[in-house]
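Read through the structure below, which is laid out as structure tokens, and then see the notes.
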Amino acid sequence: MEEALALYLVTNRDNLSDDRFLDIVLEACEGGITMLQLREKEASTNEFYELALKVKKITDSYSVPLIINDRVDICLAIDADGVHIGDDELPVWKTRELIGPDKILGVSAKTVIRGIEAKFEGADYLGVGAIYPTTTKVQTKLTSMEELKQIVDEVKSPVVAIGGIKEENILSFSGSGVSGVSIVSEIMQAKEVPTKVLKLKELVEKMKMKDVVSYDN
């Protein structure tokens, strides 16, 4: 699980044609993302379903786990690898009951208590943030680096950092203990997606190497 969270792309289709969107997904998978979350807040159920089928063909061909944001029904309908839910969705335990024991269940958490509850109810990993300001969730309360580290240390579950993460701030997570970082705009708006993904992968590897060094010391 931890390896799959290393470079986690969360999609955003704003201002993109369907063809360009699918091209970005393909290029990101080719470049080496380790997990992809399909996030569609405005699409109708049928539109989301049809798009998810197309995305799944791509992710399957590169063995990249496909996670569906919020929608358990879409996850089950296309047999995605898992689902990620937030505070306003079904309870964690009910989501786990619906998707079964084998699919991946990610849960957003801003506090240690939420993280512990989610883990107890069946979460496989936690998404913690937003750590930095983000254009996708403009009204969200930021999570400090100290709060992030506290969740990692006390919940003892794989954690992916989310929110406003870019090339220039990835190394700020060195020593935090996170399993990976979640990227949105930095990939979805990149002019050269493969080049961008390669650079991000290098930075994530550096970040995780510094984690190993800090634990050894």
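Glycine too: its Cβ is placed from the backbone N, Cα and C atoms.
TrEMBL: automatically predicted annotations, no manual curation.
Per TrEMBL, 4-amino-2-methyl-5-(diphosphooxymethyl)pyrimidine binding site is recorded for Gln37, Leu38, Arg39, Glu40, Lys41, Asn69, Ser108, Lys137. If you look up TrEMBL, you'll see Asp70, Glu89 marked as Mg(2+) binding site. The domain 'Thiamine phosphate synthase/TenI' annotation in TrEMBL covers 7-187.
Following the DSSP three-state reduction, the secondary structure of Leu38 (4-amino-2-methyl-5-(diphosphooxymethyl)pyrimidine binding site) is strand.
Here Gln37 (4-amino-2-methyl-5-(diphosphooxymethyl)pyrimidine binding site) is positioned 16 angstrom away from Glu89 (Mg(2+) binding site), judged by their C-alpha atoms.
Counted within 10 Å of its Cβ, the other Cβ atoms near Glu40 (4-amino-2-methyl-5-(diphosphooxymethyl)pyrimidine binding site) come to 20, all protein chains included.
By a simple count of nearby Cβ atoms, those within 10 Å, the most crowded of the binding-site residues Gln37, Asn69, Ser108 is Gln37. Taking the C-alpha positions, the distance from Gln37 (4-amino-2-methyl-5-(diphosphooxymethyl)pyrimidine binding site) to Asp70 (Mg(2+) binding site) comes to 10 Å. Cα of Ser108 (4-amino-2-methyl-5-(diphosphooxymethyl)pyrimidine binding site) to Cα of Asp70 (Mg(2+) binding site): a distance of 11 Å. Within 10 Å of its Cβ, the residue among the binding-site residues Arg39, Lys41 with the fewest other Cβ atoms is Lys41. Long-range C-beta contacts of Asp70 (Mg(2+) binding site), restricted to its own chain and to partners at least six residues apart, with a cutoff below 8 Å, comprise Arg39, Val83, His84, Ile85, Gly86, Glu89. Of all the Cβ atoms in the protein chains shown, 27 others lie within 10 Å of the Cβ of Leu38 (4-amino-2-methyl-5-(diphosphooxymethyl)pyrimidine binding site).
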